[in-house]
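Asks: Before I ask anything, let me first share the structure, which is written out below as structure tokens.
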Amino acid sequence: MVILGSTGSIGTNALEICKQHNIQVEALSCGSNVDLLNEQILKFNPKFVCISDPALKSKVLHKWVFVGDEISDMLELCKSQKVVNAIVGFAGLRASLKTQKLGKTLALANKESLVVGGKFLKTDEILPIDSEHFGLKFLLQNKTKISKLIITASGGAFYKTPKEALKNVTPKEALKHPNWSMGAKITIDSASMANKLFEIMEAYWLYGTKNIDAIIEPTSMIHALIEFIDGSTTAHFSRADMKLAIAHAVLENVDENVVKPLDLLELSQIKFHQIDTEKYPIFSLKDELLNSPDMGVVVNAANEVMVAKFLKNECGFLDISNATLKAFNKFSSIKISSSDEIFEIDKEVRKYTKEIDAKI
Ligand code: NAD
Ligand code: MG
């Protein structure tokens, strides 16, 4: 097994599952958390490692270290048939494309790969590591014709915050997710609802329908629902613990307990609420994005630039959606015909977003 993004929230959980099942880890990768990478090297004894930041190469305690884009060369040398891609952001795309090009199985947490490059991935071969998409996969085993896929949102850190107060919220407040413990970028995306917009596109690419909606379920005990043509609706319930989706992607045949079953009496709290696009403006792009999926690269790049700025206290929380909507309008006619173009357009949108943000 290869675990990319091994020092993150998903990566460390995936390694834990490998350890429990004596699965050999052939390669690891991270962005810059060299200390944790070194600990993992000692514990898992991988053959190869990759670090994104070239300046840190000399600090990695391993004799075969790849840096940056050399992640593709590392994947070429790997004999493992499965690659868990738990890198965050656009940086994960290269590894997703390469994994499939090499005929390996892609277990994908890096949803940004699908948002920007779903068109160039063999999506029906992907093992999804996202609670909603794992939930949908589980429910899709029912062969009745579907009429609609529904994924749930927790509402994020500001579900209980009035929209008038969002102007002044801080990164520290935005990073307090009520139900899930995740990396910083996805936690901010959850607070703005960009995460759910991305998950709509993730579901579109994975399951091939545009009949997808998202609804707020604040307890995160229901992750996905499917409405079938006959009028039945099924729902996937489980505790908010990513180990379930990761275990299914890593092991494929799960025949043991992974998470404690829900106490049904806790479910009396469950209520559904519509997503308010005045409070979460980025989610207003849903229908346009489903109609023009090539625009995923634009939304992703602008959002990524702004989330990084927000985390460094360089812009306000609402500027994330403001700038992303501006970029969406500016680049509205984008058509992408090769995977190389994704990298070019990503660059262009990042440049534009940095420029307009300076004027906000
Ligand atoms: P994280 O920030 O905890 O970890 C990200 C990992 O990517 C780290 O190992 C980091 O070193 C590495 N990384 C960062 N920048 C990099 C770069 N430029 N190049 C290469 N590697 C880089 O994030 P996470 O919460 O584990 O999320 C990882 C991915 O999984 C994201 O795409 C996220 O949307 C998705 N996901 C996460 C969860 C969750 O519960 N955490 C749930 C569903 C999907
Ligand atoms: Mg999710």
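Each Cβ is built from the backbone N, Cα and C atoms, and glycine gets one as well.
Here TrEMBL flags Thr7, Gly8, Ser9, Ile10, Gly31, Asn33, Asn110, Glu112, Gly183 as NADPH binding site. Annotation comment: TrEMBL describes Lys111, Ser131, Glu132, Ser154, His177, Ser190, Asn195, Lys196, Glu199 as 1-deoxy-D-xylulose 5-phosphate binding site. Under the heading Mn(2+) binding site, TrEMBL lists Asp130, Glu132, Glu199. As annotated by TrEMBL, domain '1-deoxy-D-xylulose 5-phosphate reductoisomerase N-terminal' applies to 1-118. Residues or ranges marked as domain '1-deoxy-D-xylulose 5-phosphate reductoisomerase C-terminal' by TrEMBL: 126-207. Annotation source TrEMBL lists domain 'DXP reductoisomerase C-terminal' at 238-352.
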Asks: State the Cα to Cα distance, in Å, between His177 (1-deoxy-D-xylulose 5-phosphate binding site) and Ser9 (NADPH binding site), rounded to an integer.
Replies: 14
Asks: Do me a favour and check the Cα-Cα span between Lys111 (1-deoxy-D-xylulose 5-phosphate binding site) and Thr7 (NADPH binding site); whole Å is fine.
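Replies: Their Cα atoms are separated by 17 Å.
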Asks: In angstrom units, rounded to an integer, how far apart are the Cα atoms of Gly31 (NADPH binding site) and Glu199 (1-deoxy-D-xylulose 5-phosphate binding site)?
Replies: 23
Asks: Taking the domain '1-deoxy-D-xylulose 5-phosphate reductoisomerase C-terminal' (126-207) alone, what is its mean pLDDT?
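Replies: Here the mean pLDDT over the domain '1-deoxy-D-xylulose 5-phosphate reductoisomerase C-terminal' (126-207) amounts to 97.
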Asks: DSSP on the domain '1-deoxy-D-xylulose 5-phosphate reductoisomerase N-terminal' (1-118): how many residues come out helix, how many strand, how many coil?
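Replies: Counts, helix then strand then coil: 59 helix, 22 strand, 37 coil.
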Asks: Among the binding-site residues Ser9, Gly31, Asn110, Lys111, Asp130, Gly183, name every one whose Cβ is found under 6 angstroms from ligand 2, counting any of its atoms.
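Replies: Near the molecule: Asp130.
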Asks: Using Cα coordinates, what distance in whole Å links Glu199 (1-deoxy-D-xylulose 5-phosphate binding site) and Asp130 (Mn(2+) binding site)?
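Replies: Answer for this pair: 9 Å between alpha carbons.
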